[in-house]
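Residues or ranges marked as site 'Transition state stabilizer' in Swiss-Prot (evidence: sequence analysis): Arg18. The active site, proton acceptor feature in Swiss-Prot is assigned to Tyr23; the stated evidence is sequence analysis. Feature annotation from Swiss-Prot assigns substrate binding site to Asn75, His81, Asp88, Leu102, Ser103, Arg112. Here Swiss-Prot flags His101 as active site, proton donor.
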Amino acid sequence: MKKILVLHGPNLNLLGSREPSIYGHASLTQINGDLIQEADNAGIRLSCFQSNAEAELIQAVHQAGIDKINYIIINPAAFTHTSIALRDALSAVAIPFIEVHLSNIFSRETFRHHSYFSDIAVGVISGLGTKGYLLALQAIIKELK
């Protein structure tokens, strides 16, 4: 069975209550549930992990390599603009990944315009809200079939 890992970065545990005008009203639990359902329907095992700690996300990426995860969907959140270490972990395991952002990072503060991940990602989806996760998953399902 093919396996996908969804990684959520810092503060995404607050989705649904954190700045809903930017991030929407869906909770992380709702987003994960929708993704798991979609993957189950396609016969793919999907697991989700959220952490506010960079080291825990790096360890999850390392474990994904050991677990032979086929694909990663990652919303690095604020680590998008700061974490060379998380980027290096993704490069080290060589698992293809899609970078997802709920908001359009290019329409926000200038410090959010740079991503340490985009140039090594298979693709980037930004600004489509929670649909971005689903679109990433649908693209991966088509690729894995």
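Every residue, even glycine, has its Cβ placed from backbone N, Cα and C.
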With H, G and I counted as helix, E and B as strand and the rest as coil, say where DSSP puts the residue listed as 'active site, proton donor'.
strand
Quick check: of the recorded positions listed here (Tyr23, Asn75, His81, Asp88), which one has the Cα closest to that of the residue listed as 'active site, proton donor'?
Asn75
Separation of alpha carbons, Ser103 (substrate binding site) and the residue listed as 'active site, proton acceptor' (Å):
6
Given the recorded positions Arg18, His81, His101, and counting only Cβ atoms in the protein chains shown, which has the most within 10 Å of its Cβ?
His101
